[in-house]
Amino acid sequence: MTQVIRNLLDRPGSANISPFQRVATQAGALEDRVAALTDLPRPAMDDLAEFCAVAREASRRTLDMRPFDVQLVGALALLSGQVAEMATGEGKTLSGAIAAAGFALRGTPVHVISVNDYLARRDAEWMGPLYEALGVSVGWIGQSSTPEERREAYAKDVMYASVSEIGFDVLRDRVATDPAAVIVPEPSVALIDEADSVLVDEARVPLVLAGAADPGADAPETAELVRRLSRGYHYELDDQALNVYLTAKGTDAVERALGGINLYETPEVLTRVNLALHAHALLTRDVDYLVRDGRIQLVSQSRGRVATLQRWPDGLQAAVEAKEALPASETGEILDSITVQGLIRRYPKLCGMTGTAVAVEEQLREFYGLKVAVIPPNTPCVRTDEPDRLFGTVADKERALATEIADVHATGRPILIGTLDVSESERLADDLRARDLDCVVLNAKNDAEEAAIISRAGERAVITVSTQMAGRGTDIRLGEGVAELGGLYVIGSGRHASSRLDDQLRGRAGRQGDPGGSVFLVSLEDDLITQYAPGEALPAAGDDGVVRHKRAGYVVGHAQRVAEGAHLEIHRNTWRYTRLLERQRDLVLAQREKVLRGDAAGEALAAAAPERWSELSDLVGEDVLQAAAREIVLFHLDRCWTEHLGFMSDVREGIHLRALGHKLKPIDEFNREGTAAYRHLLDEVELRSVETFRTAPITADGMDPLEAGLKRPTATWTYLVQDNPFGSSVDRLLKRLSPRTRRRQDLD
Ligand code: ADP
């Protein structure tokens with residue numbers, strides 16, 4: 001084939017699947033022969049058709065599922081390191097398991113990254129017999145797994161776990177002082193389920209290891225102060241309601257209330273005020289977070305459900321707690337952190353599967369060098385996707401929604417309603433109950449319970465109200481007689497900020513050639529429109545509240561594209577900032593490895609303080625001395641890294657100010673500061689280590705770290721930071737500095 005034709009067939013970013021289809025056909029030709037064998041052979045991985053035929057037979061015998069050709073094609077795409085786009089219900093779990101077994105048989109261990117702990121365990125156990133038949137060992141971990149269980153699971157050929165469990169293990173390993181305590185082996189292959197959500201939507205989320213505690217104290221007063229300010233007078237929101245900033249009047253009022261200070265000369269107070277304002281004006285209870293059991297629980301934007309392990313960056317977390325008059329939760333010093341993207345990029349080989357990959361092809365290629373392979377469905381999809389129904393106001397939309405539900409329910413057809421947030425689910429449920437319509441509401445329950453409920457959403461006359469992705473990964477089968485009624489009917493109560501989320505909701509209906517339908521009800525007052533298409537001329541609604549003008553549909557699509565573009569820009573920007581730190585972290589960790597597993601610390605200290613070394617060596621012996629040296633250098637290496645992170649986070653918060661001063665681009669300024677600080681870091685480690693080595697009491701029994709002044713945090717804990725999906729709050733605060741500051745900077 002000439003290059004020109006190849007280029008035509010092979011869209012940039014999209015992979016050509018015809019070679020995989022040929023292999024699947026060849027596997028079909030081997031099927032009868034393999035089925036006649038009593039004992040299945042261990043397939044040779046240099047013959048993919050044989051591998052597919054054996055895997056198919058193993059699946060048939062152990063799971064009672066004969067993989068369809070398209071599932072083999074999907075598995076082959078994964079094996080060649082691509083993202084397989086397969087619609088909901090096409091059987092990604094099985095495709096993924098076949099691919100994982102293939103990697104394992106090639107001799108490379110695989111981490112299957114699941115959406116949550118419940119699915120990690122479910123899939124590992126469900127696919128267990130298939131792996132066993134292929135001679136591949138499998139394990140899983142969850143939040144409550146002990147270190148021993150984890151070590152055992154990581155030793156398996158294939159291991160299922162959520163991204164946060166692996167990330168937290170990696171972070172804990174990075175501060176291990178004993179090589180025997182290290183849990184996570186060298187990364188090899190990651191096979192990522194719901195790949196778009198992990199690789200794109202959650203890519204920027206930092207996983208954090210924190211230690212020690214020092215709660216901030218001024219948040220409650222600032223919250224009280226901010227509560228007295230009025231919008232439009234003291235502060236303004238920008239068009240997209242992503243930023244809030246003080247007006248000149250607001251600045252004056254705050255400065256007076258704080259005893260006549262100058263806000264712009266006290267940046268820490270300004271930051272605190274801005275955080276409080278952000279918590280007050282931009283974060284809404286029951287939309288962005290819930291208050292439960294005296295705690296703030298974040299609602300994940302991409303999943304529309306409570307994100308139990310997540311918190312905001314410390315300052316914002318404290319500001320929201322103060323807003324809700326809750327006691328400040330424990331805050332700590334960040335010992336180390338890694339973004340989801342950084343974690344995933346550790347794996348030399350990646351592949352993934354999801355129902356919606358094409359829409360993020362560009363990001364997958366840019367950030368991970370991944371191509372998307374579009375796998376056709378086994379049975380063509382016959383779901384009817386109706387055009388959006390548009391309304392002028394939210395009230396009209398909600399009325400129409402309830403009526404639509406009542407009408408369809410009267411026929412016995414099951415309905416699944418996807419809402420945009422928790423408070424909307426609850427409002428709708430109340431509305432339906434007032435009309436005597438029974439419904440199940442799914443939002444913040446645990447994953448296993450949600451899975452059980454959502455699996456019944458296809459039964460006759462069932463109404464299920466669910467936020468975005470509650471219960472995802474669970475199959476919805478149609479009940480008796482439901483196909484005749486048209487199958488599951490999915491209603492979206494508004495378009496999401498990304499078309500992928502709309503498609504995921506639609507995909508709940510019409511799986512495996514089932515009948516089904518979907519429709520979205522949209523109002524021109526929805527956040528999506530008011531935030532992302534604020535300047536657009538909107539057509540008027542008719543007397544019945546329905547908007548019929550063609551232009552309305554355009555505005556909705558436009559708002560969604562603007563939102564998607566904004567997300568991508570923020571993703572790029574965050575990555576620009578994290579890349580430098582992640583590269584530096586790799587370098588420091590390489591040094592750390594040499595110290596942890598060798599005598600690098602001893603060599604360095606012996607060279608820096610030869611007299612002390614030989615004196616001690618005679619006194620306590622070489623082994624004791626080496627161990628003490630290791631402990632000293634590890635301590636200072638970890639300590640200096642923590643300080644470096646803290647310093648760089650301050651630099652980042654102040655970067656816009658500094659950049660203004662130096663007339664540099666903020667990112668260049670950040671990199672300049674970061675590079676200089678890193679050079680200083682290694683010198684500092686050496687300086688402090690030598691200092692400790694000269695003074696620490698070291699005896700034949702070893703060295704007491706406390707006596708040597710090496711105090712590590714007594715407790716550590718891990719969490720995910722929920723950065724606002726629209727960028728770090730601090731970034732936005734600083735972007736919004738009033739013109740006053742700029743003028744002052746220019747005069748300097
Ligand atoms: P996805 O993750 O792609 O939405 P799942 O892996 O949850 O899909 O599978 C959907 C359903 O299809 C499951 O109930 C599974 O048992 C069934 N299934 C998958 N593959 C096959 C097959 N080859 N034959 C029969 N049933 C299958």
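Glycine too: its Cβ is placed from the backbone N, Cα and C atoms.
In sequence order, Asp123, Trp126, Met127 make up the list of same-chain residues 6 or more apart from Thr93 (ATP binding site) whose Cβ falls under 8 Å from its Cβ. Secondary structure at Thr93 (ATP binding site), as computed by DSSP, is helix. As annotated by TrEMBL, ATP binding site applies to Gln71, Gly89, Glu90, Gly91, Lys92, Thr93, Asp475.
What TrEMBL lists as domain 'SecA family profile' is 1-553.
The feature domain 'Helicase ATP-binding' is assigned by TrEMBL to 73-232.
The average pLDDT for the domain 'Helicase C-terminal' (400-554) in the predicted structure is 89. Taken from TrEMBL, the feature domain 'Helicase C-terminal' covers 400-554.
A C-beta separation below 8 Å, combined with a sequence spacing of at least six in one chain, links Gly89 (ATP binding site) to Asp475, Ile476, Gly507, Arg511, Gln512, Asp514. In the three-state DSSP scheme, Gln71 (ATP binding site) is classed as helix.
In this structure, Asp475 is the one among the binding-site residues Glu90, Asp475 with the smallest number of other Cβ atoms inside 10 Å of its Cβ. For Gln71 (ATP binding site), the Cβ neighbour count at a 10 Å cut-off comes to 29, with all displayed protein chains included. Just so you know, the Cβ of Lys92 (ATP binding site) picks up 26 other Cβ atoms within 10 Å once every protein chain is counted. Sequence-distant contacts of Gly91 (ATP binding site), defined by Cβ-Cβ distance under 8 angstroms and a gap of at least six in the same chain, are Met65, Pro67, Phe68, Gln71, Asn378.
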